[in-house]
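What TrEMBL annotates here:
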{"type": "TRANSMEM", "residues": "B:12-36", "note": "transmembrane segment"}
{"type": "DOMAIN", "residues": "B:64-274", "note": "domain 'ABC transmembrane type-1'"}
{"type": "TRANSMEM", "residues": "B:68-89", "note": "transmembrane segment"}
{"type": "TRANSMEM", "residues": "B:109-127", "note": "transmembrane segment"}
{"type": "TRANSMEM", "residues": "B:133-151", "note": "transmembrane segment"}
{"type": "TRANSMEM", "residues": "B:183-204", "note": "transmembrane segment"}
{"type": "TRANSMEM", "residues": "B:253-272", "note": "transmembrane segment"}
């Protein structure tokens, strides 16, 4: 099994406060990895180290290595723009730009220098199809994205992330702000997406992790307690704390 | 279950209605008074000629042109600087002491009476830099005067942009400059336009800071390519400065009111136009 991203003894500090302790995780290519754990356990923080979104926060210190296809993404020579092209992100709340649907999807490709209209048109269509949104919006691409429903907005954000053809897609609780039907659509979509992409998803919803992921990592107060095959994790966890959490004894 | 009389509620509601009424009455009253007294003295030649000693007629065309010149110059100088400073303060400055000091000074500058800007402009631009009484000196002085307004209002506009947009843009690989240009500034545009409207109001209404810097000239603009630029070096009274002079002389209040009416109409037009412009920028 091929690993696309690998984290080696990663420590992360917010000032004096250690938020991640010695994380070692190998993310399998074309699989969905779910990160679960109670609030404040560091799972979102960990996700954000994978495309350096933590760089934006002041007083963050990171030790250890995060490798993308063997290359350390915290190497000072790494171009963050290129990194984020390869490792895309979808956030908790849908956050389309206050622009047209078309311009939202074309935003990323334009950053990376694609200007030709025909090329952009094609990218917008394939990305929207990839996010299972094309049929709903193909007649109103020039309309503002703010007119879409919450679930559509989130799929638009996925399309926007797909438009730069990332290798890895990070999703930070992508359905927590959505209704059950939109959630179901996005879950189906994620399963389709793993054909082409590797997906890492942070979720509070254990059923969601069990339904869609291939691997699950359980985080607790900054540590990764257990990382295993999702089926194994939910049927016979090896750590007592994992068992307590997934059986709902705390969290 | 029956309606009960609540005297305190009635009393407070009465006060609120009274305040609203007084405000509206004053605004409408002043506007109406100025227009009623001013409009009859406005004629075509009043609007389209310069004052002439020979024929003894009064015209305010030079003043209208000077006003537009000063508005334009001031905005050309202060808007880019002000927006740039606001971007620095909100996006790059962080929470450093330096930022706090700049914020404090801009707030202080915003509260300084305009006559003080006039004196400074006179000492610095007119005398020290040798610009003499000129539209350029006036525009430079007013640029300093409106800068705090532009910076503070733009800052507020930038701060109120949904932080999720920033995250989204950076998360897809946009550099910070690209994010500012493509997401932040367009979203903040209505607020920035408000800053510009407020500034135009202050510029058009200014007299004290201009008398000492732009002076009281009423030369006509020469409509040649060179003349358009030479006009910057001439002394020129804006409508407000001209109004001040006529009103001080007290001989002909009709002219003062006519200028006042023109000013009111210009301000209303500018506000209307900028609001329309702001609406066009608003998306989503």
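Positions of Cβ are set from backbone N, Cα and C atoms, glycine also.
Remember, TrEMBL labels are computer predictions, not curated facts.
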Fill in the blank from the handout: Long-range CB partners for the transmembrane segment (B:109-127) (under 8 A, at least six residues beyond its ends), listed in sequence order, are 133-134, 136-138, 140-142, 144-145, 147-149, 152, 206, 208-213
Handout entry: Chain residues in Cβ proximity to the transmembrane segment (B:68-89) (below 8 Å; excluding those fewer than six residues from its ends, i.e. six or more beyond)
Key = 99, 102-103, 135-136, 138-140, 142-144, 146-147, 149-152, 154-155, 158, 180, 184-185, 192, 195-196, 199-200, 203-204, 210, 214, 231-232, 236, 238
Exercise for the section: For the transmembrane segment (B:133-151) and the transmembrane segment (B:183-204), decide whether they are in contact, meaning at least 3 CB pairs lie under 8 A, counting pairs 6 or more apart in sequence. Expected result: yes
Practice task
Please give the sequence-distant neighbours of the transmembrane segment (B:183-204): residues at least 6 beyond its ends with Cβ less than 8 Å from one of its Cβ atoms.
Solution key: 67, 70-71, 74-75, 78-79, 82-83, 87, 91, 142, 145-146, 149-150, 153-154, 156-158, 160-162, 165-166, 168-169, 174, 238-240, 263, 266-267, 270-271, 274-275, 277-278, 281-283
Exercise for the section: With a Cβ cut-off under 8 Å, give me the same-chain residues at least six positions beyond the ends of the transmembrane segment (B:253-272) that come close to it. Expected result: 31, 34-35, 37-42, 46-47, 58, 60, 63-64, 67, 197, 200-201, 204-205, 239-240, 242-243, 246-247
